[in-house]
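Per TrEMBL, the feature substrate binding site maps to 33, 34, 35, 36, 89, 90, 91, 92, 102, 103, 104, 105, 129. Under the heading active site, proton acceptor, TrEMBL lists 111.
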Ligand SMILES: O=C(CO)[C@H](O)[C@H](O)COP(=O)(O)O
């Protein structure tokens with residue numbers, strides 16, 4: 001396996017490697033999508049090969065399914081697995097309460113279904129993904145193709161009345177045509193700048209006809225492992241107490257990064 005070559009890739013690799021230590025034999029594990037999750041899948045492939053780790057992976061996209069098969073991680077569909085012990089996935093943004101924006105890779109629908117069907121969700125990310133307030137990253141919203149321009153107009157009108165800075169909904173393109181998700185839908189990227197109330201927005205967006213799902217993951221992530229370019233990682237965990245979700249630092253570790261791996 002070729003190792004990471006830039007500080008940002010080392011950060012993603014270190015976070016993925018650390019998160020892979022949460023995976024134990026016999027677990028059913030949701031496998032995220034994106035470049036950070038790809039390091040996780042490769043690491044699990046190594047553990048299957050070298051340690052005889054017995055797991056079942058449930059991929060959140062066709063690309064992750066292909067990678068998992070390539071590196072030897074046994075895969076199942078969510079319908080076959082039903083409920084998972086753990087999901088490990090990347091994120092585009094993460095705030096102090098471990099609420100997320102996801103869907104930069106267009107897999108938000110399957111990612112949200114899989115993460116919700118898991119006892120725990122661990123997010124792996126480099127430090128650039130940590131933000132004070134969600135919204136600088138355009139928020140992906142998966143919409144059906146039928147009446148998409150009307151859905152876009154309704155979303156933009158609705159956003160005008162909410163606590164966000166911008167309201168443009170931009171259809172995502174790929175190779176000159178509309179991007180298609182694994183479910184055959186399209187993505188509108190909402191350029192909001194800053195989201196005042198992410199919890200409220202996540203609920204409201206899904207009320208608009210034509211919207212399938214949005215990329216706000218509220219109260220879903222339990223643990224975040226942030227990697228740094230020097231190969232160190234920070235782990236933050238959620239405690240559900242009477243006062244709600246409380247995040248506390250678990251550890252700052254040195255992960256040995258062998259780039260010749
Ligand atoms: O939500 C996602 C895909 O839909 C990814 O997890 C997110 O875009 C982060 O990707 P990367 O690890 O490549 O930075």
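Numbering starts at 1 and runs along the chain as it is shown here.
Using N, Cα and C of the backbone, Cβ positions are placed for all residues, glycine too.
TrEMBL labels come from automatic prediction, so no person has curated them.
Within 10 Å of its Cβ, the residue among the binding-site residues 102, 129 with the fewest other Cβ atoms is 129.
Taking CA atoms as the reference points, residue 129 (substrate binding site) and the residue listed as 'active site, proton acceptor' are 17 Å apart. A gap of 10 Å separates the Cα atoms of residue 91 (substrate binding site) and the residue listed as 'active site, proton acceptor'. Rounded to a whole value, the Cα-Cα separation of residue 102 (substrate binding site) and the residue listed as 'active site, proton acceptor' is 8 Å. Summarising the environment of the residue listed as 'active site, proton acceptor', the number of other Cβ atoms within 10 Å of its Cβ, over all protein chains shown, is 32. Between the CA atoms of residue 104 (substrate binding site) and residue 111 (active site, proton acceptor) there is a gap of 11 Å, rounded to the nearest whole number. Those residues of the chain, other than 33, 34, 35, 36, 89, 90, 91, 92, 102, 103, 104, 105, 129, with a C-beta within 8 angstroms of the mean position of the substrate site C-beta atoms are 32, 37, 107, 111, 125. Listed in sequence order, the residues of the same chain lying 6 or more apart from residue 35 (substrate binding site) and placing their CB within less than 8 Å of its CB are 9, 12, 90.
Here the C-alpha separation of residue 89 (substrate binding site) and the residue listed as 'active site, proton acceptor' works out to 8 Å. Site extent for substrate: the farthest pair of Cα atoms among 33, 34, 35, 36, 89, 90, 91, 92, 102, 103, 104, 105, 129 sits 15 Å apart. In this structure the C-alpha atoms belonging to residue 33 (substrate binding site) and residue 111 (active site, proton acceptor) are separated by 8 Å.
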